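Worksheet: the structure to be examined is printed underneath.
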């Protein structure tokens, strides 16, 4: 079986930022983002290194397991931020199947009182938080018959207390959006290792989070399938061996749709993912390919990869979860069924590998699968890639603004306030507006401020723009 991979720099875009102070970005031509493709026929004249800026030792590719992560003779104590969401419920499935390996210390949720109460009764945590403070009374009432009542703390402070509970060793961060940033900071400062399923933590807060993790000697272990795959592939590589990261994408709900048909997309269409079972927001992100654009930025921060050395390939079967290319042109890949439990389990058990019964964890059979296929992503169908690469190259607060604007746009689309194609327009307009205020090395307060600003601006961006820059479907 031959892997027909993308050549380096297959999908690149000019920045929408003002380039007057930089030689890296040509100025925009009127009418929006202009695409340029490198001439792939020109031979490589130098050895390609994955990054000019070395990542801190906290990055998982060079993480060395310490004694507190090895040889657990008792169940490892875990806290979950976002326990009622897709990541949280799958994490609890793993804990339920492996009670001798893991135990739950803390649970934090947003507003799903019924499910949270059921989780508390089953897993018996020591501390519980519900972010929606108005629901604290309802939660206490639902837990009135519990023999050992956990400590219950409402609001954002409650979520932070769950994240930094002294008994937890690892914190699984499954909250969608920038809401996961402050709990992650609290967990790192309290010395907890992070099982990171919240993309926005690094996309918005990478310049702040990584030095903080380095300072506290904390391991940030990726719990999404693509970055977990990269993490697994690069372990054991010597310094300087990594040449290129290749992120695979299913193509989402519209991978087989003609571009012309996208103007007719309904919410129900976007929520039909062909391979994965996920929450609404990430499923729409898979349809727009914004999830992959955000993952490019996350890979940059996690693995120190330069954007010129991070590529995307459409892989409809979602069996290869991502690949790396080494300096000698070898390609290493991690394969498995599309099951989020596998990368989640690995972040919880790392550096160990836990046996999983094939009754509940089907084993991969390539002979039965038959074939794996690959193709280049379509820039016209997925304008999100251009926006993400541009924001990533800009860095600073621009990546957080991109993420927040997309999150708000997806919310408006699901609520049927905007059309599918307007998701891309909202994000581009918001990023374009932010370019004059972008902060290159933001503080945590600035990251949070511009996250809030982006959501607010995105809400009215289509109305407030007198001459919006067009985004081709």
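Here the Cβ of each residue, glycine as well, is placed from N, Cα and C on the backbone.
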To which of 251, 252, 279 does Swiss-Prot also attribute binding of NADPH at the site defined by 84, 85, 86, 87, 110, 112, 198, 200?
279
Which of these, 165, 273, 434, 449, does Swiss-Prot say binds 1-deoxy-D-xylulose 5-phosphate at the same site as 199, 225, 226, 250, 286, 291, 292, 295?
273
So among 84, 86, 110, all listed as binding-site residues, which is physically nearest to residue 199 (1-deoxy-D-xylulose 5-phosphate binding site)? Use the C-alpha atoms.
86
Taking the binding-site residues one at a time (110, 279), which has its Cβ surrounded by the most other Cβ atoms within 10 Å?
110
What does DSSP say about residue 198 (NADPH binding site): helix, strand or coil?
coil
If you measure every Cα to Cα pair among 84, 85, 86, 87, 110, 112, 198, 200, 279, the residues listed for NADPH, what is the largest value in Å?
22
Where the record says 199, 225, 226, 250, 273, 286, 291, 292, 295 bind 1-deoxy-D-xylulose 5-phosphate, what is the longest distance in Å from one Cα to another among those residues?
19
